[in-house]
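Enquirer: Right, I'll just put the structure down here and ask away after.
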Amino acid sequence: MPIATPEVYAEMLGQAKQNSYAFPAINCTSSETVNAAIKGFADAGSDGIIQFSTGGAEFGSGLGVKDMVTGAVALAEFTHVIAAKYPVNVALHTDHCPKDKLDSYVRPLLAISAQRVSKGGNPLFQSHMWDGSAVPIDENLAIAQELLKAAAAAKIILEIEIGVVGGEEDGVANEINEKLYTSPEDFEKTIEALGAGEHGKYLLAATFGNVHGVYKPGNVKLRPDILAQGQQVAAAKLGLPADAKPFDFVFHGGSGSLKSEIEEALRYGVVKMNVDTDTQYAFTRPIAGHMFTNYDGVLKVDGEVGVKKVYDPRSYLKKAEASMSQRVVQACNDLHCAGKSLTH
């Protein structure tokens, strides 16, 4: 299918929330990882989200360019072409963008999509993330208001983060402590600043103990009840029934989470879960195995010439793609979106 239109993307998220499932958002950095993600979605019979971080986008532009916008556009255009050959919907998103990179990443990408929409087309991306977790909440939400207006004009959904996700991603490290839980006051301020969709649709990455990186199951102290509290605060603020779920939540830092915690988060309105660390390992593991198994073929040892068919990058990248695709299928199963593509 062609990349999801704004209307299809909104329907994807709406169905997920209504039926208590979520979509994996797979961080990609190359054509190989994009191929792996889309194949995984298709194998699972699920729609899905592909996203590029600032570092991933820069990597995607190559060592000679090293430009985030160039890489994001190139990877997005590639995804548009490949996704059209598959029978599921794929949406494009950009991951964490801090304040110091807004002018060199999200704002230029918003401008590109706005230009496309002004000519009667669809945006290049379906959503962008503004990560204001490093600045005071009032400044975070003031910037979010400005970006939400620009995003809505370009038919794009904005993702924001309130609270801090622990661990490390793209070289940005955050401590793991009691600050990793979004407060009721911050949920209320979010509703006051951004509303409940009337100023533009947004996704909320609230923090409930999330940690980026690699952790053994059980070592991440998640409190999904924080999300339930957030929904209750928002419902009360908006005068809605107590069981209403005004927020569309995003689950960051899911590696090492227990399945029971994921299940609970889904009940409280999570519609998108970021997956990066686990798919990175799934991609790299068969490459490592290939190198160990064929070390005397991939290396020119003791004056020998090696074996071309095993140092041909295709020989191990195919294995990497297949392994990562399998991990994407697992993510779809864990989030209960498998078999639920809107195309079915």
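The backbone N, Cα and C atoms fix where each Cβ goes, and this holds for glycine too.
Pulled these from Swiss-Prot:
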type: ACT_SITE; residues: ASP95; note: active site, proton donor
type: BINDING; residues: SER53; note: D-glyceraldehyde 3-phosphate binding site
type: BINDING; residues: HIS96, HIS212, HIS252; note: Zn(2+) 1 binding site
type: BINDING; residues: ASP131, GLU161; note: Zn(2+) 2 binding site
type: BINDING; residues: GLY213, GLY253, GLY254, SER255, ASN274, VAL275, ASP276, THR277; note: dihydroxyacetone phosphate binding site
Enquirer: Checking the contact step here: among the recorded positions ASP95, HIS96, GLY253, THR277, which have a Cα within 10 Å of the Cα of ASP131 (Zn(2+) 2 binding site)?
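Expert: Qualifying among ASP95, HIS96, GLY253, THR277: ASP95, HIS96.
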Enquirer: In whole Å, note down how far the CA of the residue listed as 'D-glyceraldehyde 3-phosphate binding site' lies from the CA of THR277 (dihydroxyacetone phosphate binding site).
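Expert: About 13 Å separates the two Cα atoms.
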Enquirer: Specify the nearest of the binding-site residues SER53, HIS96, HIS252 to ASN274 (dihydroxyacetone phosphate binding site), where nearness means the distance between Cα atoms.
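Expert: Looking at Cα distances from ASN274 (dihydroxyacetone phosphate binding site), the smallest one goes to HIS252.
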Enquirer: How many Å lie between the Cα of HIS96 (Zn(2+) 1 binding site) and the Cα of GLY254 (dihydroxyacetone phosphate binding site)?
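Expert: Given the Cα positions, HIS96 (Zn(2+) 1 binding site) is 15 Å from GLY254 (dihydroxyacetone phosphate binding site).
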Enquirer: Using DSSP with the three-state reduction, classify THR277 (dihydroxyacetone phosphate binding site) as helix, strand or coil.
Expert: helix
Enquirer: Calculate the distance in Å between the alpha carbons (Cα) of SER53 (D-glyceraldehyde 3-phosphate binding site) and GLY254 (dihydroxyacetone phosphate binding site), and round it to a whole number.
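Expert: Just about 16 Å between their Cα atoms.
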Enquirer: Work out the three-state DSSP category of GLY254 (dihydroxyacetone phosphate binding site).
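Expert: DSSP assigns GLY254 (dihydroxyacetone phosphate binding site) to coil.
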Enquirer: Expressed to the nearest Å, what is the distance separating ASP95 (active site, proton donor) and HIS252 (Zn(2+) 1 binding site) at their Cα atoms?
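Expert: Taking the Cα atoms only, ASP95 (active site, proton donor) lies 10 Å from HIS252 (Zn(2+) 1 binding site).
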Enquirer: If you count CB neighbours within 10 Å, which one among the binding-site residues SER53, ASN274, THR277 has the smallest count?
Expert: THR277
Enquirer: Could you round the CA separation between GLY253 (dihydroxyacetone phosphate binding site) and GLU161 (Zn(2+) 2 binding site) to a whole angstrom and send it over?
Expert: 12
Enquirer: Please work out the number of neighbouring Cβ atoms within 10 Å of the Cβ of GLY253 (dihydroxyacetone phosphate binding site), leaving out its own Cβ.
Expert: 27
Enquirer: For GLY254 (dihydroxyacetone phosphate binding site), what residues in its own chain, 6 or more apart in sequence, show a Cβ-Cβ distance under 8 Å?
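Expert: The list for GLY254 (dihydroxyacetone phosphate binding site) reads ASN210, ILE262, MET273, ASN274, VAL275, given in order along the sequence.
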Enquirer: With an 8 Å cut-off on Cβ-Cβ distance and a minimum sequence separation of at least 6, pull the same-chain contacts of GLU161 (Zn(2+) 2 binding site), or say none.
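Expert: Those within reach of GLU161 (Zn(2+) 2 binding site), by Cβ under 8 Å and sequence separation of 6 or more, are HIS96, MET129, TRP130, ASP131, GLY132, SER133, LEU204, ALA205, ALA206, THR207, HIS252.
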Enquirer: Tell me whether ASP131 (Zn(2+) 2 binding site) sits in a helix, a strand or coil according to DSSP.
Expert: coil
